[in-house]
Each structure stands twice: as structure tokens, then as C-alpha cells.
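**Q** Below is a structure I'd like to ask you about.
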Amino acid sequence: MHRKKLDNRIRVLIENGLACNHRSMFVIVGDKGRDHVVVLHHILTKASLRPRPSVLWCYKKELGFTTHRKKRMRMLQKKMRAGKAGLDDEKPFDLFVASTQIRYCYYSETHKILGNTYGMCILQDFEALTPNLLARTIETIEGGGLVVILLRSLTSLRQLYTIAMDVHARYRTEAHSDVVGRFNERFLLSLASCQACCVLDDDLNILPISSHMNSLKAEQFSSNDSAFKELLESLSDSPQLRSLLKLCKTLDQANVVLKLLNIVAENSLRHTVSLTAARGRGKSAALGLATAGAIGSGFSNIFVTSPSPENLKTYFQFVCRGFDALNFKEHMDYEVVQSANPEFNKAIVRINVIRSHRQTVQYIHPTDAAKLGQAELVIIDEAAAIPLVHVKRLLGPYLVFMASTVNGYEGTGRSLSLKLLHQLRQETACITGTRTGAAAGSSKETELTATSGRVLTELVLEESIRYGAGDPVESWLNQLLCLDVSLAPKVDTLFCFHKVSEVFLQRLMSIYVAAHYKNSPNDLQMISDAPAHHLFVLLGPVDVNQKNIPEILCVIQVCLEGDISKASVDDQMSRGKRPSGDLIPWTLAQQFQDSDFPGLSGARIVRIATHPDYQSMGYGSRAVELLQQYYEGAFPALDEVQMDLKPAEVNGQEDGGGSLLEEKIAPRKDLPPLLAKLSERRAERLDWLGVCYGLTPELQKFWARRNFVPVYIRQTPNELTGEFSCIKIKCLRNEGQSQEWLAAYWKDFQRRFISLLGFQFAVFPINLALGILARQAMLALDNSAGIDRAELTIFFSDYDLKRLEMYSQNLVDHHLITDLLPFLARLFFTRKIKVDLSTLQAGILMALGLQHKTVDDIVKEMNLPSSQILALFNRIVRKCLSYLNQVCESAIESHLGIDQRHKITAQELSRPLEEELNEYASEVQQKAQKDLRSLISESDLAKYRIRADEDETEFLSDKLASSKKSKKRLKKMHGGGGGKKRRR
């Protein structure tokens, strides 16, 4: 073998990593790179004081050499005994394979290595790598270890830009087939920023992209555990507690275990503790030590759950270590029970403690929440991997510890932190928040105390156990994949690795992670390389005089779909196949067996994420509204400039480099602006705008307010969130577009959904199911006629109508008509029975007739007394029966030939009868008063006046005066006679 002096900087880089407990990374370009893996492993072995490092070797399909270690060793020993070969004659690579513990793993099976730790990782077959695989494999390497990426022979590193990656096949669709490898460009440029990365050729020459190696110096590092030692010394009066904390690897972990044990000592059964961290921080070990402390404190019934018992290997291991620290003896004080199920690979499922009294640490399946009746402490490990429905059921009147990964590969799906913890915070009443940092540590703690309800404590582990703090490979990976992010750009510029675009990209992905629970590193590559995906951002006010990056209020990721030829659709459907991509067209084509819909062009809203500080302020609705207007042509591109770049061509002479040893890699300069206004880009001509999301009441209301029409709901829930996927469509108002196809889809979906409400969708809340059916926007397009007598006889006999009439008169119980409710509800929601019901009445009819819920179920869900629900139900039956009776009467009249032209049709009163009578009475009274005033007015009596002369007037006056005098004389005469008689 040709020998060559090795560049000393390679050895210094490996030794510095061992001294600082940091990982190092090597990228070897060339077909002979596999042979130099032996050299790097040899340097690592000699510089390390640990046992010979184990190796993880990942590949696509073909490894390229035999992996039978024992066979190689036997053949080597046989040759040496025969004197045919010595150690010096044997190939170094063969000796390396024969003498090293190597774990060979397909890329498709890398999920099996999670939780394991290796000293060295080799990644070959670069075209098969994805961001998920990078994060999954690199996170398994311990501090001081090596990550080696093998590349095939290249004349220029820029050839990586145009390498056809395996994942690109999933991004290509019939309408969008040109894939640009922007992620590979960003990956290559990021290698120059990683101080622990060295790019080599297959002769182990350092390439110019690793120019930072020129200033590399040997480092001396001494571990500083003074704070940890001080913590242990402060607990000298608690020997048992101190013995448990000695098992911790970091101060951060010790502080978390101490906090958990303090909560256990409080013996509060209304406490929930959330422990979140990136992978490799020691969450499971901390829970195991806390469990051992809880057993020492007298807890009897402890239950632990996880997606699988195999995931609890570390947890039970540290429970046993904690018992040993507390001087518990196995077989005397406790016994370990392993599973007999071969699928669990002899995993521990139970620990029985019999020291002072009977105590148990028992594994249960996440779906067995009913078995927690006597629980005192429940531990949920990897809670984010358990469906939220099951996690909620596991919470109860006992102490709960739950741990989950929120950063790194497993943490990019933040269902736990975004949904469950948010609901726990909301459900606590009168919350007082206090934030405290853990003393002398980096763990963060948030405690929410409620006057009524549970106490929620949030703990965070930050310091890694596998490798030292400040690991440069971890920083590089987090930056490359946007894993560690806190709180429509041009993708060419966004992924060019310029400083400004990197800041904008990190902010954009931070909103994704904080506002959306389902993310993975592969999403980053999809955004960068997939030709059909576009980003639209709603920005805050932009000051042209300042150079600050504008604040992102909302992000929308859009995928263009459809525009598939009829021949392709017929070919795929005839074979029962469904190509990748074009989610909505292929799904609806399969569901409705319609080969015309995939020919329409549309855009699917993949994600819409709003900044956490600006949620529930209408920015998401405004962004969707602007997106719809954009595709409807409301923003014409008057001064259109072609801003899309073609894929970068590889030019070996660019930047003054003609070979690998002379080539200089730098970000491109001829790039378009990072952001473009909607008026600066011509919109694609689309027929529809769609969305596919996990069905929840909140999202259902959001998209219903945007007038999106549901056309498909998956019948099986998502394994992680327990939600049902829903597809909604909205027609775009373009010239010549018709909505008849959407109305037909809606009617067919409505019919299916009504039938499935009694099966898979029976678990839907009443308000959610009613919100899906109550599509006011589609009622205008519904021209279906009501039910006729012939159709009525299919559903109801005369005896059935009689039963309905008896119940409407409160003469029988509602159970007598239970069998008729499905028909009654189906006819109402399909608009065959055209009566008006209130929202509450429609919900009751749907729950009883379609979802087959009992009155008790409705009482619990609606929080109404059963008497009120039954009273409303009786009104529903009366209204429906009245309509059915009209149908029967109309049929009889038509059969008898009775003319119905003059028939007065009964209609519901627009207002109460008493109100109308009072109004008419007041009108009659006003009219009578007016007539009376007209009778007694002077103008009417004047015609009866008598005209007389002056002589007649004087004569009448004298006569009247004489008559008065005669009356007075008569009165005196009568008065005098009566007085004399009384005197007698």
C-alpha cells in the first residue's frame, strides 16, 4: 500500500474533539475514501483512552464489501497458521472490518438505532441522504467521536448542486418536473462554517473549502464540575438524596432530578410536571432516578407508559441503579419482571418492591387509562409520540410526570408542547405565572399555580450527556436543518447561505415550529428543492430607510397541483396506483372516480403559520384572503420582470478554481431579491384553492369562515394526533369558471358523511359534525325538491307516522320512535324535509339520529338538562311531522283531483298572534276616536243653527222672564201649605 505523510491538522482536529468532548466531521471526496476510514478510526483509537470505538455504517442498498466479521477473522487466522500471510500483508480495511464492532444499517432502517450510542458514523451513498437521516444518525455519535461522509469522485464540489437525489423523485409531478438542488448547495456552503468539519479528497488532502483548518491549534480542556460538586456537598445531610444525584451526568440533569424529588416529597396528587429537552439530554434517566426516589418516599402504585416497552430500556435501567444507590438488593428487596411477548424483545415491564410494604412500578399501554384507578404516580415517557387523545385520558387525580423531545430530529413534531401543554394552561383557572431559573444550572422552569385545578410545572433540560456543551457539529446541524429555533421569498435566495437570507430563513422556520405541531427536517429540503412549492409571507410595516429584516407576521406554504393529462389519470386509475405528489387531485379522483378533476389546476395550502405573538388577530385570515385574490388576478403584474433563476450550471473555472485543490466555494452573487411583491410576479391560472388539515373545531371554523367546502374526510385518525384528515376546496372566481362540479362533490360528500356519522365519525363532537354539515354557502346551489309521497313510503309506513303523531302529542315515550330517527335526520340534512330548525335543535337531531348518541351523552356534551333536550326534541318531531302530513294530504288531493289553485297554504306566523291582535285593536280604537271627534266638531253642527230677527228675540226673552216669575210664585204657594200641616 502506498504510504504518505498525513496532514497533522487531521490528527489535531480529532484530538481536540476528544479533549473537549466534541464531535468531529470529515467529508471525503473520491472513490477511495472508504479505505481512509481505517486511518481516521486508527487515529481516534490511539488518541482515546476509551475502549475501541464502535462504528455505525449506514448505506442505501449495496455495501460494496462483505460484512461477515467472523468469517474474515477465520480466514485471516487460517492464512497465518499456514504461513501464507502475515498481518503486514493483509489489507488494512479487511483488518478493520474483522477487528471492529460495526453496526451495518440500511438508511430505511435507521429508526431502529435511535437511543444507541456509537463512536464513529460512516454515511455512504450521498444521493440517498435526507435531512431526516442526517439528524437521525449524527445524533447517535458520542462526544469525541467522528462523523464521516463519503462522496463519489467529483471534478468540482459544485457538481453536488446538480446531483439527482433519490428524494427528488417524490417532488416531480407531471406539471412540475424540474428540480433544483438548492438544499445541496446550502449543505455544501454550510460545511465551511463548521469549525469541526474537514473536507478531504481521497488522498487525505485538505480542500480549500476547509480554510479554517489553517488556524487550527491544539487545545487543552479540563472539565469544570465545581458547581456539580458544590451541589452534592450541600446535600451532605441527605445521604440518600446525594447518592441518587451522584448518578447524574450533568449539573442540569441533577437540578431536574432534585426538583422532581421535591415535588414527590410534597405528596401533591394534583400536580403535572412536563420535562422537555432535545435528544440525548437524559430525560429518561432523570425520570428513572425520580421513580427510585418516589419508591423510597413510600409511593406504592407507580405506572409508566410509552409507545413501546422497548423505549423504556434506559428508564428501567436507571430505576434499578437508583435502587442500588438506596441500598436495595435485587431478589431480596425487589424483583424485575420481563415481558414474555416476543415482540417486546424481553423488555422490562414490571418491578415489584417488597422491602417494607408491597410497591410496584408497572408498565401499561397508553390506551389502558382505565387501569389507573389506584395510581399515585404516572410517568409518560416520549409523550409527543403518543396520540393526544390517549395522553389526555392518562391525566387524572394523581401526580403526573411526562417527558418529551422538542428539539432535534424527534422534537420537530411538537404536538405535545403546542397542543397539550397549551390546553393544560388554558384549563387552569385564575392562573398566576412565575418564572424562575434553576439555581446554578441551565434548566429552565415555569410553574403555573391555579387556585382550582392542577399545578403545572414545566422543566427543560439543555445540557447534553452524549457530548460536551458548545459542540460545533450540533450547532452546524441545528443551523443547517433549523432544528433549534426559538421564537413569498425567493427560494433561490433563501437557500443561498447569505447571512441576511440565513437570518430570514431561521425566523421563518421558527414560526413554522412554534405555530405548527407537525414538522420534520425533510420539510426544509422539500421547500428548497420541490418545484411546485412556493412560500408567501405576510410582513409587518417596512421602513425603506432602515436596513432591518422585516418582521414576519404569517407564512403560507403553497403547493401547485393538478394539470394532469387525461391519459395519465386513466392509466394510473386502471392499475389502481397513485403516484406521489398531487395529493388533492389523486385523492378526489379516487374517492369520486372522476378522471376529469385532476386535469384542473389548483393550489394546496400545505401550511399556514402565524407568529406566536400575533395569533388570533386576523393575520391568518388576511393572508388567505390575499392569496385567493392573487390567484384570481387581483394583483396584475404590470411591470413583470422574470425573477426565477434556472438551475445553476457547474463551472469548474468559476471563482478561479480549476480542480478540487484550488476550487473556492462561495455563495452565488447573481441572485434575485429575497422578497417580491405579488404585483411583481405573474400568478398561475388556477381553478381551485384547497387545503388538507387535521380536523379540529377551531380549524373547522377558520376554514368555514373562508367559505372552503369539505369534500373528503379520512375514516382513520392520525396515529400521532388522533385527528381525521380533511380536504376542503374553494372555487376561484375566474372568467368562464363554473361551480357545478363543486356542488356535485359537496352533495356526494354530504351523503357519505351522513352515513358515516354512525360509524367512524360517531366520536365527533356535535358542534364539529354540525359545522361540517351546515354549509350555508352551498344551500344556494341546492335545488333539490322535497320528498314526495312515493318516496316517503320507502322510509315511513302509516304506522310509523302514527307513532310520530303519538309522540308529538306526548302520549308515548321517545324510545318508541328511536328506530325512525335515522330516517328523519337523514331526510332533514339532505333537505328532503324542508323545515327550519334552530342550531340547537339540528344538533340534537343529528346526535340522536345520525351519531346514535343517547340522551345522557347529549346532556354531558351540551351541558343541558335532559328535560330541556327532550322538550326540544319533541318540537323537532312536531315540525317534521307537520311537513310529512302536508306531503300526504297533497298526494291525496292530487289523487282525488281536487283543484289546489285556490287552496290556502298554511304558513308559519311571522310574529305571535297576540301581538297582531293588540296591533289591530289599537287601530280600531284610533278610528273610533277619530269618528267621534268628527261628530261633535263645530263645523258639523253649524248647519243646524236657527236664524231669528231682533223682535222675535226680544219677545222670546220677555216670555222666558215671565215664565220664571210664575214658577217662583207656585213654589212659594206649595211651600207655605206644607208648613201649616206640620205645625198641627
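Glycine is treated like the rest: Cβ placed from N, Cα and C.
Residues or ranges marked as domain 'TmcA/NAT10 N-terminal' by TrEMBL: 9-201. Residues or ranges marked as domain 'TcmA/NAT10 helicase' in TrEMBL: 275-484. Per TrEMBL, ATP binding site is recorded for G280, R281, G282, K283, S284, A285, A286, L287, G288, L289, R466. Here TrEMBL flags 507-732 as domain 'N-acetyltransferase'. Marked as acetyl-CoA binding site by TrEMBL: I608, A609, T610, Q615, S616, M617, G618, Y619, G620, S621, R705. Residues or ranges marked as domain 'Possible tRNA binding' in TrEMBL: 741-953. According to TrEMBL, the feature compositional bias 'Basic residues' maps to 962-984.
So that I understand the layout, could you describe where these features sit and how close they are to other parts?
**A** On the 0 to 100 pLDDT scale, the model's mean across the domain 'TmcA/NAT10 N-terminal' (9-201) is 85.
For A286 (ATP binding site), the same-chain residues that are 6 or more apart in sequence and have a Cβ closer than 8 Å to its Cβ are C248, Q253, V256, V257, L260, L275, A403, L461. In the three-state DSSP reading, A286 (ATP binding site) counts as helix.
For S616 (acetyl-CoA binding site), no same-chain residue lying six or more positions away in sequence has a CB closer than 8 A to its CB.
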**Q** Mind telling me which of the binding-site residues G280, G288, G618, G620 has the densest Cβ neighbourhood, counting other Cβ atoms within 10 Å?
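**A** Result for the most crowded candidate: G288.
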**Q** Just to verify a number: CA distance, S284 (ATP binding site) to G620 (acetyl-CoA binding site), in angstrom, no decimals.
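**A** Pair distance, Cα basis, whole Å: 38 Å.
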**Q** If you count other C-beta atoms within 10 angstroms, which of the binding-site residues R466, R705 is the most crowded?
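**A** Counting every other Cβ within 10 Å of each candidate, the maximum falls on R466.
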**Q** If you measure every Cα to Cα pair among I608, A609, T610, Q615, S616, M617, G618, Y619, G620, S621, R705, the residues listed for acetyl-CoA, what is the largest value in Å?
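**A** The two farthest binding residues have Cα atoms 17 Å apart.
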**Q** Give the helix, strand or coil assignment DSSP yields for G280 (ATP binding site).
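**A** Assignment for G280 (ATP binding site) reads coil.
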**Q** Within the chain of I608 (acetyl-CoA binding site), which residues six or more apart in sequence place their C-beta under 8 angstroms from its C-beta?
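**A** Listed in sequence order, they are C554, V555, I556, Q557, G620, A623, V624.
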**Q** Given G280 (ATP binding site) and R705 (acetyl-CoA binding site), what distance in Å do their CA atoms have, once rounded to a whole number?
**A** 44
**Q** For G618 (acetyl-CoA binding site) and G282 (ATP binding site), what Cα-Cα distance in Å is obtained after rounding to a whole number?
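**A** Distance (Cα to Cα, whole Å): 41 Å.
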